[in-house]
Amino acid sequence: MITDYEWPLWQTTALVCGIDEAGRGPLAGPVVAAAVIFPRWFRPVGTILERVNDSKKLSAAERELLAPAIRNAAAFWAVAEVDPETIDQINILQATMLAMNQAVAALPIQPELLLVDGNRFRTELPIPYETVVKGDSKVFSIAAASVLAKTHRDELMVAYASEYPQYGFERHVGYPTRAHVEAIRQHGRCPIHRQSFRLRQLGEKP
């Protein structure tokens, strides 16, 4: 992927920021968002960053290779987490919006334009934004943000696996796999599980 989407925007706007999240669907762990600003007129042609894509289309090894390259090439980047307790309090959609806003606020400079994956966004900041459906497959900056968010969250979940080894977080990173649901059936939920995410497989009602 290259920066074709950003180039027309860079004609008038220097600080274009891509935003994406990871972790809306899991039963455990935080939702994570990343915000990435590349230098104006940046082109990844001829570099490893040509391989940047929607994090879901990349293998774990590819993401781990690309993440440090993205951080090195970016002018600015930031990552933010919203914990399971907050997700339970305000719901996953609101928690995702909060994480995205926190990631932007954590940047050392205020962007001039936000490019957000998806079809909805609610900003707490006085910054113009565009939502881009399937933006992580179309917009380089958003795809890069998706890789940073995903790798950051996966690292957190692998760390949690040593604290709660009975759940196998290092394998499914909190997603509702059959093995994860069975572990919850056997051991109940642990402190990083989202209590508001109910499981029909266990006879739980919404």
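In case you wondered, yes, glycine gets a Cβ from its N, Cα and C as well.
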For the divalent metal cation site that Swiss-Prot assigns to Asp20, Glu21, which of the candidates Asp117, Asp154 is also assigned?
Asp117
Rank the binding-site residues Asp20, Glu21, Asp117 by the number of other Cβ atoms within 10 Å of each Cβ and report the first-ranked residue.
Asp20
